[in-house]
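Take a look at the structure below.
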Amino acid sequence: MSVDVSYVAKGITNHSVCEKMAMETEDPNQTVLSHFFLESLMYTAEHPSLFFLLFFLIYSITLTGNLLILITVGSDPHLCSPMYHFLGHLSFLDACLSTVTVPKVMAGLLTVDGKVISFEGCAVQLYCFHFLASAECFLYTVMAYDRYLAICQPLRYPVAMNRQMCAGLAGIPWAIGAVHSAIHTSLTFRLLYCGPHHIAYFFCDMPPVLKLACADTTINELVMLANIGIVAAGCLILIVISYVFIVAAVLRIRTAEGRQRAFSTCTSHLTVVLLYYTPPVCIYLQPRSSGAGAGAPAVFYTIVTPMLNPFIYTLRNKEVKRALRRLLCQGPRESPEGSPPP
């Protein structure tokens, strides 16, 4: 088997890497890829050790912050409202989403072999990424609906958002995310991949993987644009509609303290929604975009946003800050009956 010219040009001729990339089929003139080679993020190849430490720090902060929020929400009786239940789901999603991409990026910074991913591994990474990302997309919509009920219909809120409804709304994003990701993964990996094997991205995602297919990908790209476009646009429209009603309701509150309190529970959610939705629009509306900087927008919602979410929700929410202090200091806990309503 000959070594790919693109790898010779890059100085990558490691036999253990190259021999993994393809396997022969019954047709002697055609090979089917068994492995892919992931590209490093822009500028990271110049100082791999420095960026490894940076990503290790980001990943450690992400896991620590989100797991701390998850433990706090699960253990503190003051944080028993649906808003904090959904926040716990968001923290778990963020920790998992970061785990899908960041460890592989760090492995690629250490060795050339770390950039190699098997065909099956690529399919698993793509499925997990879109499963978690789409579930988070729907969860943001559920959280907006929760805030709408709490602020616009406070008297009806305890009945409408009961334990069964809360559990159902929390489960819907997971179920839809699983189906949504299964559709895209099956459509992507039913195609034949016979070379090249260089994915111009730092993880397996649909646009860069489809470029390597030895078949017409028009249907895949149309389904990707329609499906992801409908999902993202639909969720965003529902969030915007919810906040139009929320803002109108808040402006009718007579006291400044009441308005400030109502807005404080919403600004954190709006901030993470903006951070989360903007990069995918740049990526999936331009499926043929390529180049060294093509993966830059994805860094924000796969690596940066999961790290920032715990800080955004903690800094803007007094109840979460009090609960964190109680957890870390192991001080005496007050009865949850004295805590204010959401």
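Backbone N, Cα and C define each Cβ position, glycine as well.
Worth saying up front: this structure is predicted, and the values here are computed from it rather than measured.
Marked as domain 'G-protein coupled receptors family 1 profile' by TrEMBL: 65-313. Feature annotation from TrEMBL assigns transmembrane segment to 50-74, 124-145, 166-183, 228-251, 263-286, 298-316.
For the transmembrane segment (166-183), the list of distant contacts is 82, 85-86, 89, 126-139, 142, 145-146, 223, 227, 231: same-chain residues at least six beyond its ends, Cβ to Cβ under 8 Å.
Averaged across the domain 'G-protein coupled receptors family 1 profile' (65-313), the predicted model reaches a pLDDT of 85.
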